[in-house]
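Pulled from TrEMBL:
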- 79: active site, nucleophile (ACT_SITE)
- 203: active site, charge relay system (ACT_SITE)
- 205: active site, charge relay system (ACT_SITE)
- 47, 48, 49, 109, 143, 144: L-glutamine binding site (BINDING)
Ligand SMILES: NC(=O)CC[C@H](N)C(=O)O
């Protein structure tokens, strides 16, 4: 049986563990570097990335987290976790914060505004639906969420979200004069994959739809199978044919 580590310094780690339990997978809380040895994949949850980074520093977790990503183990960052995994973050607090890195993208913190501007949206998720079945869209819960503004060539975009073009002007000074863009729509990226690294700007663990969790688990299977045919693959056989219920919160 797969054992997934969930970084448990702060934020929605319990909700991720509950979502994993729903698909029959054990999630264990990670608070110390040596605990990473016991898991084959890792989820870095949402929360508050500056606080989480300070706690990770305090527990000397950054070198072990970077090593884990470098080894090609599957790692998924949601929201603040996505910020952790980005190679570059903008909109940080004064003094910045340490990042784990590994995901070739630029993430803008709090892109959609403050806590009260948090929102939910149905996101088209073609790759997720083709691999996991179920509805063509996924209900994204964005809580003071970041957005991905740039990705490198090896990054696969799994979901994006429309925003007014002028919303992006502040992030690219060369666009300042394009006032005619006022009514136009652009897109920001909200879910990506690069090899075994997955990032979502929203919170799948706060919905009843476990497709991102099973998608992530299968990323683990892909490398396990490649590394050793003798390993027992993770069983993830969840039926997603019915549209998921909106039954927040799922944490039990
Ligand atoms: N829901 C979240 O994880 C929010 C992330 C938060 N805005 C940060 O910068 O850390």
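We count from 1, first residue shown onward.
Cβ coordinates are placed from backbone N, Cα and C, and glycine is handled just like the others.
Structure coloured by features recorded in TrEMBL.
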residue	record	Cβ contacts under 8 Å, 6 or more apart
47	L-glutamine binding site	9, 10, 11, 12, 79, 80, 81
48	L-glutamine binding site	10, 11, 80
49	L-glutamine binding site	80, 81, 83, 84, 89, 97, 109
143	L-glutamine binding site	46, 79, 115, 118, 203
144	L-glutamine binding site	110, 112, 113, 114, 115, 117, 118
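Close contacts with ligand 1, defined as a Cβ under 6 Å from any of its atoms, occur at 79, 143 among the recorded positions 79, 143, 205. Comparing the recorded positions 109, 203, 205 on other C-beta atoms within 10 angstroms of each C-beta gives the minimum for 109.
With a 10 A radius on its CB, residue 79 (active site, nucleophile) counts 28 other CB atoms from all the protein chains.
The L-glutamine-binding residues named in the record, 47, 48, 49, 109, 143, 144, extend over a maximum Cα to Cα distance of 13 Å.
Take the mean position of the Cβ atoms of 47, 48, 49, 109, 143, 144, the recorded L-glutamine site; other residues of that chain with a Cβ within 8 Å of it are 11, 46, 79, 80, 83, 110, 145, 146.
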